[in-house]
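Asker: I'd like to ask some things about the structure below.
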Amino acid sequence: MSSNCGNDGDGGERQKHDPIEMGKLLCPKDLSAPAATDTTATSTSHQLSKVTLPERGSWSSKLDFILSVVGLAIGLGNVWRFPYLCYKNGGGAFILPYILTLFLAGIPMFFMELALGQMLTIGGLGVFKIAPIFKGIGYAAAVMSCWMNVYYIVILAWAVFYFFMSMRADVPWRTCNNWWNTVSCVSQYERQNLNCWDKMINGTAGKVCSVAAVNISTTELTDPVKEFWERRALQISSGIDDLGNIRWELAGTLLLVWILCYFCIWKGVKWTGKVVYFTALFPYVLLTVLLIRGITLPGALEGIKFYIIPNFSKLTHSEVWIDAVTQIFFSYGLGLGTLVALGSYNKFTNNVYKDALIVCTVNSSTSMFAGFVIFSVIGFMAHEQQRPIAEVAASGPGLAFLVYPSAVLQLPGSQIWSCLFFFMLLLIGLDSQFCTMEGFITAIIDEWPQLLRKRKEIFIAIVCMLSYLVGLTCITQGGMYIFQILDSYAVSGFCLLWLIFFECVSISWCYGVDRFYDGIKDMIGYYPTVWWKFCWCVTTPAICLGVFFFNIVQWTPIKYLDYSYPWWAHAFGWFTALSSMLYIPAYMFWLWKRTPGDLCDKIRSIVRIDEDITRLREKMQHEAYAKEVEFNS
């Protein structure tokens, strides 16, 4: 089965030819549609000139677009996951699978999504007029975006809570003298001063220490940073079946972040393009300040060595390659329709190829830069606590809300460095949040423009309010357990791989990669290198499919620390995952059944359409005009 995945694009003018197409293999008759006559084209242009379609908006400048895409792509994963994956997977050796995956799948899909949006000037649902049977991908991406919007912003609510708690004479997680602390609480920096001795505990040699006249096993000791996180910030319950009360302080910070998110996108991309000048650029200032402070600390060099020195034996482990794939797909914002939406606000002739390469370079460079910031602090923390770096290093919430707060305790002006760090987390996460929201809003409004475009501000407010109400479940006392379920199922790696596989196949194999390349040439004036064509047809789908099945085969029930979830929690998790994934096959089945005609007719109308990009754009404009006339009549 071929779909124009040939080697005819070489960076210059591609020689025109008539390749064997998928439709021709199944239907021997000629599938090519007759070219539109001059009379038809003139009539369509005349009709379109009579109507003023609702204003979509566009970027005020090229820099607005680039910074918005940078803000989307550079999120919390660059700061708290990439450095940890480097350490976990062989230090500098992890760069090899990371770069290979980047060029074989990450950059190709990033380029494809931006180009697709710019090419058709429409959001994540409308673009699948290019291959109608795959429109379920757009719906799946919209559902996954909803789950992402609900859970991702909770992290920002935690960050804002820590930011406000740091604005005092001293950070509240320094001592064990607070109402939320237990008798087992001892700071990591004070444990060497405890009176401890060896003792047999349940037949096993152990160590017992005297804490406030109470003998406690060292395995039962906690520290004030962990107790502040679990007993003050989260006030975590015993399990998911005990959600407890809403944490009203976190409800307030969550509401604050949603209000910020709303006012970042409520006026459309012209306003959003100005907001990102601050939210996308200022985190680099903060990262630089934190790096300068970090490398001046004792032990920082050891931490950086631990981060970059390669351990090539790790490359024989399959987990290393899986981590590289999932990290790139998540950190680049692929598969959610957001890049399609951001690209759709560009001018048709914008050089999206160059923009994609610039943003990808900035994204990966930022991940590596953040690694130096984080591991300089981790090295200092390990030095102060006299513990191995491997015991200190962590990822995700553990890094942001346990490791870094513990490290600032040893810095002069702890509260200042704490405020800077959590303010940086807020900015890094905020633009990823509101750009993902923009992708969802754009997809829905472009699908029903006559109904929603004039009421965009109200529609955005309703979406934000509903998302906030659903998100309250994640800030109850048992909210962390729900958060982990959403993280591990609803927006998991296998959901994302499923979407990206079908998205890539729909363009490269069904619509045809040669016709897609022709559309890119119409936009930028030349054909990109043949490498991207090879990736779209072969390597990207193969990587997505391979890693997807590996994740399914290797799947194990998730845990939160030592807590095992009940069966119904896993069932709910799979429901959230399938709520997006099943849209793709379900929509295919539904559209195939309702489309009239024989096999060949169905392939021509919903699998491999006849129109090239120019005629497809004209057809979409004509349909938009017809909807406007119908709406106004």
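Here the Cβ of each residue, glycine as well, is placed from N, Cα and C on the backbone.
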Asker: Taking C185 as one end of a disulfide recorded in TrEMBL, give the other end from among C176, C196.
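Answerer: TrEMBL lists the disulfide between C185 and C176.
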Asker: Looking at 136-164, 250-269, 275-299, 320-344, 458-483, which one has the highest count of Cβ pairs under 8 angstroms to the transmembrane segment (94-116)?
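Answerer: Highest pair count goes to 320-344.
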Asker: When you measure from the Cβ of C176 (disulfide bond), which residues in the chain that are at least 6 apart have a Cβ under 8 Å away?
Answerer: C185, V186, S187, P224, E227
Asker: Restricting to CB pairs under 8 Å, which listed stretch, 136-164, 320-344, 356-382, 415-437, is in contact most with the transmembrane segment (458-483)?
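Answerer: Ranked by Cβ pairs under 8 Å, first place goes to 136-164.
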Asker: Pairs 6 or more apart in sequence, C-beta under 8 angstroms, 3 or more of them: is that satisfied by the transmembrane segment (356-382) and the transmembrane segment (65-82)?
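Answerer: Answer yes, regions in contact.
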Asker: Taking the centroid of the Cβ atoms of G71, A73, N78, S331, N363, D431, S432 as the Na(+) site, which other residues of that chain lie with their Cβ within 8 Å of it, listed in sequence order?
Answerer: V70, L72, I74, G75, G77, Y332, G333, T366, I428
Asker: In the same chain, which residue numbers or ranges, 6 or more beyond the ends of the transmembrane segment (136-164), come under 8 angstroms Cβ to Cβ?
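Answerer: Residues 76, 124-128, 233, 249-250, 253-254, 256-258, 261, 335-338, 397, 400-401, 405, 418-419, 422-423, 425-426, 429-430, 432-433, 436-437, 439-440, 443-444, 467, 470-471, 474-475, 479, 483, 486-487, 490-491, 495-496, 498-499, 502-503, 506, 576, 579-581, 583-588 contact the transmembrane segment (136-164) from elsewhere in the chain.
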